[in-house]
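Chemist: Features from Swiss-Prot:
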BINDING   H83, H182  heme b b562 binding site
BINDING   H97, H196  heme b b566 binding site
BINDING   H201  ubiquinone binding site
TRANSMEM  33-53  transmembrane segment
TRANSMEM  77-98  transmembrane segment
TRANSMEM  113-133  transmembrane segment
TRANSMEM  178-198  transmembrane segment
TRANSMEM  226-246  transmembrane segment
TRANSMEM  288-308  transmembrane segment
TRANSMEM  320-340  transmembrane segment
TRANSMEM  347-367  transmembrane segment
Amino acid sequence: MTNIRKTHPLMKIINSSFIDLPAPSNISAWWNFGSLLGICLILQILTGLFLAMHYTSDTTTAFSSVTHICRDVNYGWIIRYLHANGASMFFICLYMHVGRGLYYGSYTFTETWNIGIILLFTVMATAFMGYVLPWGQMSFWGATVITNLLSAIPYIGTDLVQWIWGGFSVDKATLTRFFAFHFILPFVVSALAAVHLLFLHETGSNNPSGIVSDSDKIPFHPYYTIKDILGALLLILVLMLLVLFSPDLLGDPDNYTPANPLSTPPHIKPEWYFLFAYAILRSIPNKLGGVLALVLSILILAIVPLLHTSKQRGMMFRPISQCLFWLLVADLLTLTWIGGQPVEHPYITIGQLASILYFMILLVLMPIASIIENNILKW
């Protein structure tokens, strides 16, 4: 009798992707984040679906409907906080996943890497629009400030902003369309994630050594399924600790005040996971320059494969590049801290230096370090 797992049209796709998939025998816990991102996405879609059943996307009732979910809906509070903190876990996993790709040279799979960048942009857009929905002070002013950045685009900027707003300010039309987009985009993300996996399975996974592992493969199940389950349990543990003990730790207190167009909060800032990009945006005095730097801070990932000058794939045996990589991580943490601070001395200078260093490491220092390491190999 033939195994249904290997013959059924649907089952054989699942089988070749998650069961009999040949995987390198030495991939570390850094390779867990792909599956964790999948779990985060499923969690966000499910909790979001239940929230959407009770949420109303109208400026007069949006804030009240979120309060109603927390107070009157059965387990509404936990669904709401799972969704809010689930987004934070999503971004932690995303940044770890991208960091792993940079460290181990996974970006040499250019198709997979480029789809990943598109995924990152899509998830960021989804999260931004989701932050607007509770219609608190930071929701309203965050939406106003970030959408207003598009007015820096020459000639069409102002018209573009008013088109996105659906009027002359962030109002009912804006909230309704943001809700519609926030609902549909996670499904777009799911489709892109499938394409991401499709491209990955064309080449097979990278591994910590960066050496081709075709001669040493093991089946995905049971070895990596059990490893992924362990990762998932740890993710759920951290998420539940956040949700049940300090659900508002990563949020902004200003968002518990209903949106008021007549009162600007003293410090407008996005959620913590956008602070590094926000700091780069603010570090350039010119509006258009700031917007370009903001976009380039993520888009720079697309040219990383072109700047790969090393003879080795990963950084496992490249000490100079390792130092630069961890300097980049420290720099991003500094930018995240600066993004949450008011625009005053010394934060302005620190932010500008950190922004310059960010682009310097990726564009100049890492390619030079790779060339030096190549020459050291000849000794």
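Using the three backbone atoms N, Cα and C, a Cβ is placed for every residue, glycine included.
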Chemist: Which one is closest to H83 (heme b b562 binding site) in space, judged by CA to CA distance, out of the binding-site residues H97, H196, H201?
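Modeler: Of the binding-site residues H97, H196, H201, H97 has its Cα closest to that of H83 (heme b b562 binding site).
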Chemist: Tell me the coarse DSSP state (helix, strand, coil) of H97 (heme b b566 binding site).
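Modeler: The three-state answer is helix.
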Chemist: Using a Cβ-Cβ cut-off of under 8 Å, list the residues of the same chain that are 6+ residues beyond the ends of the transmembrane segment (226-246) and lie near it.
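Modeler: Residues packing against the transmembrane segment (226-246) from afar: 29, 32-33, 35-36, 39-40, 78, 81-82, 85-86, 88-89, 93.
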Chemist: Among the binding-site residues H83, H97, H182, H196, H201, which residue has the fewest other Cβ atoms within 10 Å of its own Cβ?
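Modeler: Relative to the other binding-site residues in H83, H97, H182, H196, H201, H201 has the fewest Cβ atoms within 10 Å.
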Chemist: Go through the chain and flag residues at least 6 beyond the ends of the transmembrane segment (178-198) whose CB is under 8 A from any CB in it; none is fine as an answer.
Modeler: 17, 37-38, 41, 44-45, 48, 52, 55, 57, 112, 115-116, 118-119, 122-123, 125-126, 129-130, 132-133, 143
Chemist: Against which stretches of its own chain does the transmembrane segment (77-98) lie, if we need a Cβ under 8 Å and a gap of at least six residues from its ends?
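Modeler: Same-chain residues near the transmembrane segment (77-98) but 6 or more away: 30, 33-34, 36-37, 40-41, 43-44, 47-48, 50-51, 66, 69-71, 116, 120, 123, 127, 130, 235, 238-239, 242-243, 247, 250-251, 271-273, 301.
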